[in-house]
Amino acid sequence: MAREDSVKCLRCLLYALNFLFWLMALCVLGVAACLRDHLNNVLTLTADTRLEEAAILTYSPVVHPIVIAVCCFLIIVAMVGYCGTLKCNLLLLSWYFGSLMVIFCVELASGVWTYDEPMVHRSDMISLKSRMPHFGLQRYQWLTHAWNSIQTELKCCGVIYFTDWLEMTEMEWPPDSCCSNQYPGCARHVHYNDLSDLHQEGCGPKIYSFIRGTKQLQVLRFLSVSIGVAQILAMTLTVTLLWALYYDHKPPEAASPDPQTPNPREEQPKPNHSHPRVAEAWANTPPNGHTQIEMEQLA
């Protein structure tokens with residue numbers, strides 16, 4: 001009974017851990033998708049600079065296709081682990097254990113890679129001004145989209161201040177993406193009326209903070225550590241469950257004969273040799289002729 005209760009407890013814990021794997025893997029995929037779009041815009045603005053190398057060093061481990069594939073694979077592994085725990089199947093549980101071990105090694109390498117310190121300084125932000133003269137040109141639509149996305153999402157304008165647009169380009173006012181309340185022609189209206197409606201902070205310091213690490217990156221690091229700890233616990237419980245199901249199960253011992261139980265052979269009636277005809281028939285009858293002797297006795 002104690003062994004059955006232990007197995008039931010192990011199965012319940014594995015059910016909970018597999019459900020936790022699903023939730024955390026989905027959270028990692030969602031946060032990584034949000035960071036990937038933002039990272040693409042930053043890489044567009046910082047192309048061929050030290051900022052690009054620092055951004056890749058910081059964020060590639062968490063938005064790399066391999067990491068995304070590992071999270072998707074973890075969802076499948078959790079489903080297999082759930083089925084193996086439900087059916088107590090040795091093959092499924094063994095495959096589940098091996099898959100968790102491989103995923104854990106990949107996540108450990110990714111975590112070590114993520115904590116590398118990027119070599120970037122605030123003075124490198126000035127290199128972003130070289131991207132500003134191409135804003136709005138037909139052949140640089142991708143750069144225009146990146147600037148508008150960065151200024152809208154980060155609520156910033158220019159590199160250091162919104163006047164960078166007036167210094168580095170032939171524009172008379174900043175882009176509309178610098179407005180707090182965006183609408184077509186808002187920057188022109190704000191430029192001639194109230195400059196306080198423009199984003200006052202430059203995008204350079206915010207891009208620098210993004211490269212150094214954001215809250216989303218910290219969340220991904222926390223989720224990675226949590227998944228790693230949960231995987232270690234799941235692998236330990238899986239090995240324990242396999243041992244409880246297959247290696248700790250002893251075959252039942254053969255029951256010893258009870259001395260009080262009568263032997264069926266002893267209960268068989270012995271032939272009565274007192275009658276001369278019966279004695280003569282018993283002597284001349286082969287071993288398989290007991291039925292005929294009994295018939296003669298009845299006669």
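The backbone N, Cα and C atoms fix where each Cβ goes, and this holds for glycine too.
Curation does not apply to TrEMBL; its annotations are automatic.
Keep in mind that this is a model prediction, so the values were computed, not measured.
Residues 62-63, 67-68, 71-72, 74-75, 77-79, 81-82, 85, 216, 219-220, 223-224, 226-227, 230-231, 233-234, 237-238, 241 of the same chain, all 6+ positions outside the transmembrane segment (12-33), place their C-beta atoms under 8 angstroms from a C-beta of that stretch. Residues or ranges marked as transmembrane segment in TrEMBL: 12-33 (among others).
Among the features that TrEMBL reports, transmembrane segment is placed at 62-83 (among others).
Residues annotated as transmembrane segment in TrEMBL: 90-115 (among others).
Annotated disulfide bond per TrEMBL: Cys156-Cys186, in sequence order. All chains included, 22 other C-beta atoms sit within 10 angstroms of the C-beta of Cys156 (disulfide bond).
Among the features that TrEMBL reports, transmembrane segment is placed at 222-246 (among others).
Taken from TrEMBL, the feature region 'Disordered' covers 253-299.
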